Amino acid sequence: MAVEGGMKCVKFLLYVFLLAFCATPGFLLPVVIIAVGAFLFLVAFVGCCGACKENYCLMITFAVFLSLILLVEVAAAIAGYVFRDTVKSEFNKDFRQQMQKYAGNNKTAAAILDGLQQEFNCCGAANYTDWESIPSMGKNRVPDSCCINVTAGCGVNFREKEIHKEGCVDKIGDWLRKNVLVVAAAALGIAFVEVLGIIFACCLVKSIRSGYEVM
């Protein structure tokens, strides 16, 4: 049964939403695991197929999954706020664990730490002296990424004025606090789009169901 009248507009808007939603994994992949992005794409694909075929079951499935995703995001936001001190403590612990791996063959750990230290102009977890306890580093050496002007070997026999002395845990924490409004606005924007998707899906489901009842 074809969708008639004003519901054609809703169906069109749902397609627009799905196009935006399909792009979501591309933005999430840098900060979350690939599986989450694949799951979001799958949900969007189910919704697109449901809208295209005007399939009642697929649209119900899409609306339910999208609602669950929204609830998980809200729960994660609340948990992040309530346990913010624990999150900082765990980040500090993880950062120090990655430091222990830095001098070994773990290129991933080295790349992550170098990236953070260069991006936030910091050195070590609490401060640059944290690197003294790392094997193969010693008292007179820090990663080159700690240097104000990064060059090969600049972290060996360094002078304090040539490196960033503040720790990354506090630096990143300060950055998050300063940008919390931006993060919150982005989260609200995503949530708003998801709510629109749920509304459009429910409207289309209602229209499809009405069509079945008429038949």
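Glycine residues also receive a Cβ, built from the backbone N, Cα and C atoms like all the rest.
TrEMBL labels come from automatic prediction, so no person has curated them.
Record features, source TrEMBL:
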- Cys122-Cys154: disulfide bond (DISULFID)
- 12-45: transmembrane segment (TRANSMEM)
- 57-83: transmembrane segment (TRANSMEM)
- 180-205: transmembrane segment (TRANSMEM)
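Sequence-distant neighbours of Cys154 (disulfide bond) (same chain, 6+ residues apart, CB-CB distance under 8 A): Asp144, Cys147, Glu162. Sequence-distant contacts of Cys122 (disulfide bond), defined as residues of its own chain at least six apart whose C-beta falls under 8 angstroms from its C-beta, comprise Leu116, Cys146, His164, Glu166, Gly167, Cys168, Lys171, Ile172.
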